[in-house]
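K.L.:
Copied straight from TrEMBL:
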TRANSMEM  B:23-43  transmembrane segment
TRANSMEM  B:55-76  transmembrane segment
DOMAIN    B:64-173  domain 'Nucleoside transporter/FeoB GTPase Gate'
TRANSMEM  B:155-175  transmembrane segment
TRANSMEM  B:187-209  transmembrane segment
Amino acid sequence: MADIIDIISSFAIPAFIFVVLVYGHLNGVSVYDSFVEGAKEGFVTAVKVLPYMVAMFVAISIFRASGAMDILISVISPVTEFLGIPAQILPLVIMRPMSGIASTGILAELFKVYGPDSFIGRVASTVMGSTETIFYTLSIYFGAVGIKRIRYTLWAALLAEMVGLIASVGVCSIVFGR
Amino acid sequence: MCSIVESNIICIKKKAAEKVRPMVNIVWILLILIGLVVAAFNGKIEAVTQAALDNAKYAVELCFGLIGVYALWLGLMKVAEEAGLVKKVSQKMQGVMRFLFTDIPARHPAIGAITMNIIANMLGLGNAATPLGIKAMRELQELNPHKDRATDAMCMFLVINTSSVQLIPATVVALRSTAGSSNPTEIIGTVFIATVCSTAAGIIAAKILQRYY
């Protein structure tokens, strides 16, 4: 199991690059030119993210430096420990369904404090990658066609997110060890 | 609100962002205010000031560190988009879709739009995914007898969309590499397994709940 996951991790990006370039070339795309065209957006995107990053980083670092984060963690850790989730990732879990950029900031701060290769860093990465900004997405798509009664959609989506969270911790424990 | 010059999709995104912003706003204010009060009690006011200044600086360095990986990734995404990769993969997925969306008639254009949106999401092509998703919702709305109430297909589509299987979580990989990880891509496999679990849970929940709601 862990071996297969390892192989997926190592080969996903090279395989994707290979497929995209070969498929693009065979379909008459001027691959180099359109790559450069897309790459231009890299700078713009990073600059667009910057103010959100600063806002979130400052807020969460104040919260952490004051000692409030330690208090929060010690209060909630009995509950999160019961579920097997590291209490340190709770701010990420709360922010994730609300805002993609804000949760990216929280993830980056966790990397800075615990390191991306720590267990917390790996679980946080997996949680971030496997969940979505539920509230925003539902708002876009239901808003676009004027649906008001969304029935069970939010509950099913939140349940899926919870399962993703627990699965993230489980898979990381198996693959990386605690 | 939205001006006339703005395209429809930007306008829809803006409206959605306005609904979500109050939530983020509250969390942000609480983090800072609680932090400041606790710092005053703990005698850590100076540490807090220092942390705020240092981290503002670090956040900027981090964003500049992201430029390279973003450029690489967005370059590839452009090639994938122009090659029509999403459409190609979608054509192979139609069978699975018919199982999930039993209430959409065969050959209805909604199926195509839904599939392409899901594939675009899996590949991390967020910008390409949104217009396809909105198109899918409009097609589904045509089939909807009660225009303000979501159909089973809409609910299923959005549950899959919000728990979507990620083939390559590009932003996370980029952040990890910028933060100095010795193996930034090692989480691709774990993300994949975790999203398979969450998507499966979402589909099962939607299939069960649609009978009672």
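Just so you know, the numbers here start at 1 and follow the chain as drawn.
Glycine too: its Cβ is placed from the backbone N, Cα and C atoms.
For the listed features, I'd like the structural context: burial, neighbours, distances.
P.N.:
Residues of the same chain that lie 6 or more positions beyond the ends of the transmembrane segment (B:23-43) place no CB under 8 Å from a CB of it.
Regional average pLDDT for the domain 'Nucleoside transporter/FeoB GTPase Gate' (B:64-173) in the model is 88.
Beyond its flanks by at least six residues, the transmembrane segment (B:155-175) meets 62, 66, 69-70, 73, 100-101, 114, 117-118, 121-124, 133, 136-137, 140, 184-185, 187-188, 191-192, 195-196, 198-199, 201-203, 205-207, 209-210 of its own chain at Cβ-Cβ distances under 8 Å.
Long-range neighbours of the transmembrane segment (B:187-209) within the same chain, counting only residues 6 or more positions beyond its ends whose Cβ lies under 8 Å from a Cβ of the stretch, are 100, 152, 155-156, 159-160, 162-169, 172-173, 176.
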